[in-house]
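Q: My questions all concern the structure below.
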Amino acid sequence: MYQVYMVVMEDDPVVSYKASRKGVMRGEEAQKYKEMATTKHDVFLESFLTVGSYKKLYSYTHLLNGFAVHANSEKAAKILSGAKGVRLVQEDIKMAKMTTYTPKYIGASGVWPLLGGAENSGDGIVIGMIDTGIDPKNPSFASFSNQSKQPPPNFKGMCRSGDRFPPDSCNGKIVGARWFARAGQATGEFNATIHYASPYDPDGHGSHTASTAAGNFHTPAISRGYNFGYASGMAPGARLAVYKAAYPFGGYMSDVIAAVDQAVEDGVDVISLSMAPSSVSPGPAAFLNLLETQLLLATKAGVSVVQAVGNGGPDASSVVSFSPWITSVAASTTDRKYNKTIVAGNGQIFSCGGLSPPTPGDTMYPLALADDVSTDNSTDGSNGCQDPKVFIRSLVQGKVIVCMIVSSNYYQGDNFAGIIDTIQKIGAAGVVIIDRYSGDVDYEYQPIFPTAVPSAMVVDGVDMMNLMEYYENNTARDGDGTVITFGATVRILEGRRASYSGERPEVADYSSRGPNIENSQMQLADVLKPNVMAPGHHIWGAWSPTSDALPEVQGESYAILSGTSMSTPHVAGVVALIKQRHPKWSPAMIMSAIMTTADVTDRSGRPLMARRDVGAVVAATPFDMGAGAINAARALDPGLVFDATYREYLQFLCAVPGVDEAAVRRAVGASCPTSRARWCSDLNAPSVTVASLVGSRRVDRKVWSVGAENETYMAYVRAPDGVAVRVSPDEFTVAPGETAALRIVLNTTAPGNAFSFGEVVLRGDKKHSVRIPLAVYPAAVLSGP
C-alpha cells in the first residue's frame with residue numbers, strides 16, 4: 001500500500017544555514033543552496049530505496065530541510081527513519097477546511113482613516129492565503145486605481161498561470177499564486193478536470209476567506225440578481241498571495257507544508273490558514289507535529305500565523321490549533337439579521353428565515369400543502385418537494401406551496417436547492433418550508449442562500465402548528481381526503497434587507513472549545529486556546545461560480561458561509577493593519593495587542609455569551625472566546641505588549657511534560673536552552689493558563705510600553721474561584737520603549753474539579769487597558785509540614 005511520508009533531514013534549511021553568518025541567505029546564494037539541498041534529497045532517496053518503489057513529491061528547503069515521498073510500503077518509513085542524517089519521519093495526515101458588514105462591527109473601518117483611508121489600509125502588506133485557491137475574476141480582487149502592478153518590494157513570489165487562471169490574474173491585488181496538490185495526486189483524489197491544475201478556486205472557500213481578509217473596498221455583493229450590500233475586506237489595501245493546498249476533498253499536510261515553506265520564502269507578512277489536521281497527531285506533544293513546528297519557524301522568520309481553532313464545538317477540548325505561537329481564532333455571531341415574515345389570511349404573522357423576494361403585490365395567495373397537490377397522497381407523496389414530476393400543474397399554479405423537510409437530513413436529501421428548483425419548474429407563486437417532525441428548525445439549517453423564488457422557512461415549532469392548523473381549518477376535503485377547496489391564503493414579505501440590532505456577539509455553537517490539549521491522550525496544556533474571537537457566522541464573501549460545494553449558490557460570485565474558516569481571515573486582515581501601522585512589531589507583539597484589547601462585554605457592560613447545544617446560551621469563558629471579541633481600533637494602540645522570542649518558545653517546548661530534549665531536537669532541529677523554564681506557563685504570553693495548580697505557582701511576565709508617553713498602570717484582579725491571585729508590583733510607571741516586570745502568584749484556596757476563570761487588568765492613566773485572562777484548575781492545596 002502506498003503512503004506519503006514527510007522526512008526532515010539534519011541539514012540546515014535556507015533560513016538557518018550556518019555557513020551564512022550575515023543573516024538569512026537571499027537571492028542567488030539561496031537559490032544555489034536550494035538546488036544543492038534538492039539534489040541531496042534525490043541522491044539520498046536513490047541510496048536507500050529501490051528505484052520505482054517511491055516518488056518524491058516535494059523538497060522542502062526554506063524553513064525545513066526535507067522532503068515528502070510517496071512510497072509503496074511501510075518498510076520505506078522504517079528504512080528512512082534509521083538512515084543517517086534523518087531527523088524525523090512523519091506520516092502524512094489529512095487536513096480539513098474549517099468552513100460585508102463585519103469591518104465596522106469589529107472596528108476595522110474605524111482605523112482606516114489613520115492608515116490613509118480604506119484603499120490604503122494594509123498597503124505594503126502581503127497576506128498569504130493557504131486555502132482552496134482564488135477566482136481572479138471576482139470583483140473583490142480586481143485591481144484598483146492606487147494599486148500599481150508591482151508587488152511590495154520585499155515580496156518575491158510569482159504567479160503560476162493555468163486552467164482558468166490566465167497570466168493577467170496577478171493584477172496588483174493578487175501578487176502571487178501557486179498550487180500544491182502532489183499528495184492529492186499521489187492518492188488519486190486530485191482530478192485536474194474538476195479541481196483545476198492551477199491556483200483557480202474550484203471550491204469557493206479560498207475566494208471567500210481571501211475577500212474577508214483583503215477584498216477590495218465597497219464591492220457590491222450581488223447574488224441571485226440582488227445587491228445585498230457592499231463588501232470590504234478587513235485590510236482592503238493589502239495584497240494577496242494565494243497558495244492553493246486544499247480541495248473539495250480536503251487536503252494533506254505535506255501539501256500544506258510545501259505551501260507554508262513557499263509562502264515564507266516568497267516574503268508574505270501574514271499567513272491565514274483556515275484549515276487544520278482532522279485529528280490530533282500521535283506523539284509526545286501536539287506542539288511537535290511537523291506543521292506546528294514549521295509554523296514556529298515561520299514565526300521566527302517574522303511571519304504572523306493565524307489559524308482556525310476548529311469547528312468541533314461546543315464539545316470541550318475540541319480545538320485543532322494548539323501552539324502558543326499561532327493566533328487561533330474562534331467564531332462568533334454578528335448583529336446582522338435578515339427578517340423574513342409571512343402574513344396569513346387570518347391576520348397571523350409568522351417570523352421566518354429566507355433570503356428571498358416577496359410574493360408580487362399586496363395579493364394574498366392560496367396556500368397548498370405539497371402532499372395535497374401531488375399525484376401520490378402517501379405520507380410523503382411530494383417527495384420532499386425534490387421532484388417536479390409528482391406535482392399536478394393545474395393545482396399548483398399561483399399557489400404558495402408548503403414543503404415539509406426533515407431538517408436533520410438537510411445536507412443529505414431534503415436540500416433547499418432542490419426545493420427551490422422544483423418550485424420554479426412547477427410555476428408556483430412561492431414556497432413555505434416547515435419541519436415534518438420536530439417543528440423547530442435548528443438555526444444551523446435555516447436558509448441563508450438567496451433565492452429568486454419567494455420562499456420562507458418557518459423555524460418555530462409553535463408557529464408551524466398554528467400555520468398548519470389555519471391551513472386545515474380552511475381547507476375543504478371530500479370523503480377520500482382529497483382537497484376540494486384551498487381556502488387558506490398567505491403573503492410572503494421581502495426578506496433580503498438586513499437589519500442591525502446592536503446585539504452583542506455570541507460564540508457560535510460549532511466553534512471549537514478549550515481547554516487546550518498537549519497530546520492525543522488529551523492531557524491538558526498550560527496554553528490558552530482559542531486566543532481571540534471574530535465574526536464567523538453567516539459571513540458574506542466572494543465565491544467561485546464553478547463550485548458545486550453548495551448547490552444553492554452555484555453560478556454565483558458571492559455567498560454566505562459560517563465557520564471558524566470565516567473568522568480567521570477577519571483576524572488576518574487586522575494583523576495586516578497592525579503590521580502596516582507598526583512594521584517592527586514581532587508576531588508575538590501583534591498577537592498580544594489583539595488579545596489584551598479584546599472585548600469581553602458589550603457596549604452596555606454585559607458579559608459576552610456562548611451558544612451551547614440545543615439553543616442554550618451561557619456566559620462565555622476564555623475556553624469559548626479566548627481573550628474576547630477582537631477590537632481592531634484598540635489593537636492598534638494597546639499601550640503595553642508581551643513579546644516572546646524563538647528561544648523562549650524552545651524553553652516552552654522543553655517544559656512540556658513528557659517531552660525530552662531529543663524529541664525537541666527531532667522536531668525543530670535545536671537543543672533546549674541552558675536556562676530552562678520550569679512550567680509551560682512561564683512563557684511570556686498575554687494570558688495565564690494553569691491546567692493543574694497544586695499549592696502555588698509563580699508566573700513572571702514582562703511587558704513593553706508601545707505608548708507615546710510615560711504611563712502609570714495599576715493592576716486590578718478578578719481571581720478565579722478557588723484561587724488567590726497576587727500581582728506585584730500592583731502599580732508601575734513605564735516610559736515609551738521601556739519594559740516592566742510583573743509577577744503573578746497563584747495559590748489554591750479551595751480545590752475543585754474544573755477550571756475557573758478570572759483576569760488581571762492593567763489600567764493606565766492615559767486610557768490604555770491591558771487585560772490578561774486567567775484560566776486555572778485549582779487541583780490541590782499543599783498541606784504544611
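Quick reminder: no glycine exception, Cβ is built from N, Cα and C everywhere.
Any TrEMBL annotation is an automated prediction that lacks curation.
Pasting the relevant annotations from TrEMBL:
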type	residues	note
DOMAIN	4-94	domain 'Inhibitor I9'
DOMAIN	122-601	domain 'Peptidase S8/S53'
ACT_SITE	Asp131	active site, charge relay system
ACT_SITE	His205	active site, charge relay system
ACT_SITE	Ser565	active site, charge relay system
DOMAIN	682-776	domain 'Subtilisin-like protease fibronectin type-III'
Q: How many Å lie between the Cα of His205 (active site, charge relay system) and the Cα of Asp131 (active site, charge relay system)?
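A: Computed Cα spacing between His205 (active site, charge relay system) and Asp131 (active site, charge relay system) is 7 Å.
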Q: Report, in whole Å, the straight Cα-to-Cα distance of Asp131 (active site, charge relay system) from Ser565 (active site, charge relay system).
A: 10
Q: Take the Cβ of Asp131 (active site, charge relay system) and count every other Cβ within 10 Å, whichever protein chain it belongs to.
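A: By my count, 29.
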Q: What is the three-state DSSP composition of the domain 'Subtilisin-like protease fibronectin type-III' (682-776), stated as helix, strand and coil residue counts?
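A: Per-class counts: 1 helix, 62 strand, 32 coil.
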Q: For His205 (active site, charge relay system), what is the tally of other C-beta atoms lying within 10 angstroms of its C-beta?
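A: A count of 30.
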Q: Inside 10 Å of the Cβ of Ser565 (active site, charge relay system), count up the other Cβ atoms and send me the figure.
A: 32
